[in-house]
Amino acid sequence: MHTRAIYPGTFDPITNGHADLIERAAKLFKHVIIGIAANPSKQPRFTLEERVELVNRVTAHLDNVEVVGFSGLLVDFAKEQKASVLVRGLRAVSDFEYEFQLANMNRRLSPDLESVFLTPAEENSFISSTLVKEVALHGGDVSQFVHSEVATALAAKLKLAKP
């Protein structure tokens, strides 16, 4: 029985789609670790600490969810956390090929680590952090796509970034 799962991502910022998958993973596994990646190849709008804090706020009502920032290989982080499952989201068919390659690479690096794929609720299937930031950057209302605290933090972050 798999009891510890990791849902990894950049979460820049966490969206309602992410939150939906976290809620469902929390029902499937005894303990869910949200692994927030410090990915040097991406240039996140929020710092790692800010992303950890936002995800903590959004998931505070879930007793079996823990939020941890990490850097390095995901398989090494999973081993450190004693997790045997990776939870990944599939929004569309276009996500499948990349996720399939990633799952196979992770399996090659850590044969005992399983990947489990969840699809978001239909109303969240098109939401991505990138699209949310783009809408917010152009002054659009993102409150239907993210938690209210995330919308507030994103508005403040963008206001500070304007010249």
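Each residue, glycine too, has its Cβ placed from N, Cα and C.
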Thr10, Leu74, Arg88 bind substrate per Swiss-Prot; candidate in Lys27, Lys30, Lys42, Lys82 listed for that same site: Lys42
Assigned conformation of Arg88 (substrate binding site) - DSSP reduced to three states: strand
Cβ neighbour count within 10 Å of Glu99 (ATP binding site): 14
Nearest recorded site to Ile127 (ATP binding site) by CA-CA distance, among binding-site residues Lys42, Leu74, Arg88: Arg88
His18 (ATP binding site): tally of other CB atoms within 10 A of its CB: 26
